[in-house]
Amino acid sequence: MTFAVRVRRAFGTHWYAWTMVAPVVLVIGVIIGYPLVRGVFLSLTDANEANVERHIGVNHLPATYKFTGLDNYQAVLSDSVFWDRLGWTVLWTVGCVSLTFLTGLALANMLNRTLRGRTFYRLALILPWAVPAFISIFTWRMLYNEKNGILNKLLAGGGIDAVPWLNDPTWAKLSVIACNVWLGVPFMLVALLGGLQSIPGELYEAAEMDGANAWQRFRNITVPGLRAVSSTVILLSAIWTFNMFPVIFLLTRGGPGDATEILVTYAYRLSFIDSPRDFSASAAWGVLILVLLSLVAVVYRRALRKQGEVW
Amino acid sequence: MTVSAKPTVTPRRSMRNKRSPLASAGLHAALIAAAAVAVFPPLWLLVTSFKPKNDAFSTGLVTHFTFANYSHVLADTEFLTWFRNSVIIVGATTVLGVFIAATTGYAVSRFRFPGMRPLMWLLLITQMFPVAVLIVPLYNLLASLNLLNQPAGLVITYLTIAVPFCAWMMKGFFDTIPVEIDEAGRVDGLNPFGTFWRLVLPLARPGLAVTGFYTFVTAWAEVAYASAFMTGEENLTLAGGLQTFVNQYTNDWGSMTAAAVIIAVPAALVFAFAQRHLVSGLTAGTTKG
């Protein structure tokens, strides 16, 4: 069978499947594929606001940036700013994901019992998920307000000095983490509750008859039973948190100074806020973020596979 | 496959001894504390929105109940324009996104075709892409297509955020619909598109609803692209518009709270419908390739 015939035959069998996926491939190709390739290319040039192709009035100025190889990467990686931001981003991701996961796990275990008012608690606890994130973030900004926010007013009522929630580097870091944990817990809670409910009750009864105490039941039944759903939500949550633009951008704009700036917001700042806009450095940051995340995902998957997970 | 979310749990603790009153009290205390933390910020937002502008930061409950913030936001600001922009953009994104996600999900669920595996991977990986890599090239791309400050530009951008995830969810839903239905359609002389459109899609209506809700909520709350691609008061979406109430120079918290409440209510209602299915779709899609 010649190649052309094979292609034609494959097309004959699969043309409807291909037609159905074509829109997605097209959209992803144009809106993600092209910008991605272009982003990688930009990161290898010295493009900035002053030398890209642009229009001023009726005049059309052609692009004058040139190819500079790996210069941007060298500059970024040898700059302590990148490593500082990376250190904080890792701390931020690990802190947020672990706190969110542990809180979600604790609450899910509490809710997964027969108790009065269960529906009420469940609804109240997932409420933060129902409010659009940027609304919640603005609300938190209001609560955190140093002079007039309710948190400091309550502290003042107890005779405690005002806390500079968003204006002191350390406090600001704690505040953004707290806000993000608040935003993230409902998702964890619902996912883990679903996981808990899929564990057969007989397992617990059998363990109880064998004399296992509460901790042993948790350790030997709940934890393994939750492994599949946990590994998924932890990976997803880590990726989301690593790239969590709105919380940082809307709560502190990366400040005070650049204390709370994570990699994503810093890359955004380079190309949209700082002047002159530095497109190539921003693109280099972006590519590095993508590489880091891919590495984490691959290592994570491999670790799971070693433990015999199918995922 | 979506076992995880089925509420049909046999009361598993029935055989267990009753909790001691002390343990019960502790459990309720912990849950009440957690619920209070969860509910307080949105509740406080709601309360503040009914306070006169100058009382925005008073600690008490509402003493002088007023709708002034709401009428100010609706009458004297560009809020309604932003609201209209958001509705147009989010509406178009939802309709297009659900349709595209459904066809893809169906193809992936029913057919084994060359390129399927890479496609599934592609859909999974695109969820990982940071805004930061794409935003500058995308900005340039939209600029060269004259789509900056145009709803269409944001719509296609949002499609790339919502569609990969939705396609996975729709695959999960289609997997639960028996293949015999497709075969029956085939026997009756329908082509694959007819089977999809007339037989399978109507059965997947709950799935479509959930995907639609998800797309709606995602697009309604998106900040980064909206802030970068839309400039000028009259082009902003709600996420961008709200930032103008509270920025470095002006702190109009009264208007901000009222606007926030108006924005949050439709999203919360939509969410209430969708939340139960969201997670089952999510875990089904990601744990079962």
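Even glycines carry a Cβ here, placed using N, Cα and C.
According to TrEMBL, the protein has these features:
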DOMAIN    A:86-300  domain 'ABC transmembrane type-1'
TRANSMEM  A:15-37  transmembrane segment
TRANSMEM  A:86-108  transmembrane segment
TRANSMEM  A:120-143  transmembrane segment
TRANSMEM  A:174-196  transmembrane segment
TRANSMEM  A:226-251  transmembrane segment
TRANSMEM  A:279-300  transmembrane segment
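Cβ atoms under 8 Å from those of the transmembrane segment (A:86-108) belong to residues 125, 173, 176-177, 180-181, 184-185, 187-189, 191-193, 195-196, 226, 230, 233-234, 237-238, 241-242, 244, 259-263, 292 of the same chain, restricted to positions at least 6 beyond its ends. Here the transmembrane segment (A:120-143) has Cβ contacts under 8 Å with residues 107, 111, 149-151, 166, 175, 179, 182-183, 185-187, 189-190, 193, 246-247, 250-251 of the same chain, all six or more residues outside its ends. Nonlocal intrachain contacts for the transmembrane segment (A:279-300), taken as residues 6+ away from its ends with a CB within less than 8 angstroms of a stretch CB, comprise 39-40, 42-49, 52, 65, 68, 72-73, 75-77, 82, 86, 231, 235, 238-239, 242-243, 263-264, 266-268, 270-271. Note on the transmembrane segment (A:174-196): residues 92, 95-96, 99-101, 103-105, 107-109, 111-112, 122, 125-129, 133, 136-137, 140, 144, 165-166, 222, 225-226, 228-230, 232-233, 237, 240-241, 244, 247-248, 251-252, 260 of its chain, located 6 or more positions outside it, place their CB under 8 angstroms from a CB of the stretch.
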